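Below: one structure, written as structure tokens.
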Amino acid sequence: MWPLSHRHLCLAFLLVCVLSAISFFLHVHQDSFRHGLGLSLLCPDRGLVTHPVAIFCLPGTPMSPNTSSPCPQHPASLSGTWTIYPDGRFGNQMGQYATLLALAQLNGRRAFILPAMHAALAPVFRITLPVLAPEVDGHTPWRELRLHDWMSEEYADLEDPFLKLSGFPCSWTFFHHLREQIRSEFTLHDHLREEAQSVLRRLRLGRPWDRPRTFVGVHVRRGDYLQVMPQRWKGVVGNSAYLREAMDWFRARHEAPVFVVTSNGMEWCRENIDTSKGDVMFAGDGQEASPWKDFALLTQCNHTIMTIGTFGFWAAYLAGGDTVYLANFTLPDSEFLKIFKPEAAFLPEWVGINADLSPLWTLAEP
């Protein structure tokens, strides 16, 4: 009898050990998930990072007007610190902000903006990226990367944890898969939106009680481009013939459109834009030091006519609707085409009207 009892005791002891081990494992497993212990903590060298590589490229980007793929969720574990040099004017910094946000998400990194960019954009938009403190910026072992102005495959697999981007990226190929998120980041503050809508409400056509049904924002880029484009880039800015053709395009497709003109050259606009049809309103203040009033006005319109430049691009991108842009505005041998790809600059559904390059041929004659 004794040997049998001894075997029973041994089996019972082993069973208790197994049950205890299972109970302990289940307790630890449950507690780990209760406290957020995931693979990123258990394997700190291999953070749980989701790379939405499939949506960075053109085939994964929505091609129909004003649509977007669902905003990708933030990866479960973001690491590193990425930022971008704030350079250029208002539209340039919008492009830099959107590109930083998109590339950081794509590579599972935390994005921060520098104080100068916050100072330029935060008074206008409800941006959410945190600001990098100057002392952190000064002590971070940055690797620097200058971006060209279109999305490239290598930008989807950047392994640097501390990366400072630079350049003037403003291409939809970087961020169009995040269209709704970008539009949310660039939501106007209420007072700017309400002021712009108030201006539009005051516009009338014909009889005082008739309100126009369709507003077309018109941005005419002039200023320094009058010299830069022909002298440096063998290019032109939009002329009166282009603006007339663009307006006629909308007149043929929309009932009683009203053209709301803004520019950093309002005097030229008043002297050169045909107002004989009574549907053109000069509403911009042309103040380059405070561009947000004109920008807010353009984004509240239904459609857009742009000439060249990032200011017009962003106004059109945020307004939605139809967009007409100035196409082929440089000579074929322009150096500008080495840094600018039209197919990456203008959305496929936008409508291009070719520029008149004859003034450049005149300049080229001996």
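Every residue number used here counts from 1 along the chain in the order it is shown.
Placement of Cβ uses the backbone N, Cα and C atoms for every residue, glycine included.
What Swiss-Prot lists as N-linked glycosylation site is Asn66 (among others).
Using a 10 Å radius centred on the Cβ of Asn302 (N-linked glycosylation site) and all shown protein chains, the other Cβ atoms total 19. Look at Swiss-Prot and you will find Asn302 (among others) tagged as N-linked glycosylation site.
Among the features that Swiss-Prot reports, N-linked glycosylation site is placed at Asn328 (among others), with the record citing sequence analysis. Residues near Asn328 (N-linked glycosylation site) in space but far in sequence (CB under 8 A, at least 6 apart, same chain), listed by position: Pro342, Gly352, Asn354, Ala355, Leu357.
Annotation comment: Swiss-Prot describes 1-8 as topological domain 'Cytoplasmic', evidence class sequence analysis.
The annotation topological domain 'Lumenal' is assigned in Swiss-Prot to 26-366 on the grounds of sequence analysis.
Summarising the annotation, Swiss-Prot assigns transmembrane segment to 9-25.
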